[in-house]
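Before any comments, here is the structure.
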Amino acid sequence: MDTSSKENIQLFCKTSVQPVGRPSFKTEYPSSEEKQPCCGELKVFLGALSFVYFAKALAEGYLKSTITQIERRFDIPSSLVGVIDGSFEIGNLLVITFVSYFGAKLHRPKIIGAGCLIMGVGTLLIAMPQFFMEQYKYEIYSPSSNSTLSISPCLLESSSQLPVSVMEKSKSKISLLAAVPFWYLPKSLPRSQSREDSNSSSEKSKFIRDDHTDYQTPQGENVKIMEMARDFLPSLKYLFGNPVYFLYLCTSTVQFNSLFGMVTYKPKYIEQQYGQSSSRANFVIGLINIPAVALGIFSGGIAMKKFRISVCGAAKLYLGSSVFGYLLFLSLFALGCENSDVAGLTVSYQGTKPVSYHERALFSDCNPRCKCSETKWEPMCGENGITYVSACPAGCQTSNRSGKNIIFYNCTCVGIAASKSGNSSGIVGRCQKDNGCPQMFLYFLVISVITSYTLSLGGIPGYILLLRCIKPQLKSFALGIYTLSIRVLAGIPAPVYFGVLIDTSCLKWGFKRCGSRGSCRLYDSNVFRHIYLGLTVILGTVSIFLSIAVLFILKKNYVSKHRNFITKRERTMVSTRFQKENCTTSDHLLQPKYWPGKETQL
């Protein structure tokens, strides 16, 4: 075969054959030979995107950690706090569907940058009430004529006002700063000329293969919004007609209902169940649980890459992590603490149990002349280990400051159920729970860390399953619908109905200055535990059954198609090998040594 023939064959092989009536398409990925901008690298994009997620996690995490502070600051019940927390997701609903659909065909980095700017402005608006509202007025003790000291709120204001405003400002600055790199990124990142086509990844783990020529922007044509909008409803119909995608969407929605409700009220649960302060509860969650979740997500990604897990394997890993995680979660029912001893609410003034709560239960024969308020909540811990609603119902006559603590003396009600020392004094604040509660709290943290790691281990396999069950050109749109469904059906309602049910366990309500009901001051620990954990387990159980259905449909619909594809591919390979052998034999027969008499003389 002469040189010109070889060149023609090579030229024919390199030339793509286009169907009749179909425009030629140009790949979005620029070649490595073309001059790329300084920021047009994958590492720059990943770094910028990681910074964006850091800013987003900082904003959402801070909002979750201030749930109890918002409840006390504005004196509102948990159900209304859930509405405020759920409204954080409402802003995404206005644009997420259209951005996910049209954004896949436009300049994605600039769209992300614009979103970061809007997020920065939003966090700045969250900080505005800190500068325009009046300072919080704490409930203070109104002393009688023979008292020597009143409780001053000055120290509390100086320690609680500053971090709120500083954190709100920091969130806004970080979100605005995160938008800068995306304005300098190109529309598409460069791709190497030779891209390995791994048989294991394309045949073992994918059942819908990427074909970039099917959905790239036509060369020389400007994309019009109306032309893209025509395929919106057909694309939406295709997504909801995909059984694996639809079932996985239902599974994730139910599972995120349990996760959103659990995470939103976890600091409150630690405060009420184990008697920890709000700052300590949030610090422990950030120090232990968040690294466990990050490690679980990273481990899931490493496992998917190292072992080259197939789609069915990813579904099994997702199901296994959910089952094992919720089995561990069941053990938390046994790791609870009993109610604190509060006079008139959980115990009588004599220290006996049980007690039936009613409005007059807060008063006793030891404090008939004190004229105490029924609505005030200013807990005081007596020397007898019983917490009193305030120093007034405890019958305290005098008070004195000892450092940062305020000590009350001559408390007649404390003396009734006094300890062996016979001391009738008390100190501001609630009494610590029994001696076994700190140990229970330690066990709770250990189980919580393991559960967080186990549940997050299935995050990446589930995400890979979501991407591989749909057409490549609909990935962005499918992710947008997925995110929209999670936010509408889980992010918004879950904190609300969790808060409504948690409010049913309240024993002592606070009241606003106008007389209306405010936030809950004291919860029934046992009822709170069963509502909080029980609702989470019920939702988790439903998601497990839906995950089993996803795995069943996946095996039924796609594994059989995958086997048929492999069978056809093997037949094609055998046929191609046979043709190559015949062609090789023909080439050998055309050599001069087989036809010595017919050798051409040049």
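From the backbone N, Cα and C atoms, a Cβ is placed for every residue, glycine too.
Bond annotation: of Cys366, Cys372, Cys413, only Cys372 is listed by Swiss-Prot as forming a disulfide with Cys392. What Swiss-Prot records as N-linked glycosylation site, among Asn400, Asn582, is residue Asn400. Within the set Asn199, Asn423, Swiss-Prot records N-linked glycosylation site at Asn423.
Secondary structure of the topological domain 'Extracellular' (503-536), assigned with DSSP and counted as helix (H, G, I), strand (E, B) and coil, comes to 13 helix, 13 strand, 8 coil. Averaged across the domain 'Kazal-like' (360-415), pLDDT in this predicted model comes to 81.
Remote same-chain residues near the transmembrane segment (281-304) are listed as 61, 65, 266-267, 270-271, 314, 317, 321, 445, 448-450, 452-461, 464 (criterion: CB distance under 8 Å, separation of at least six residues from the stretch ends). Broken down by DSSP into helix, strand and coil, the topological domain 'Cytoplasmic' (468-476) contains 6 helix, 0 strand, 3 coil.
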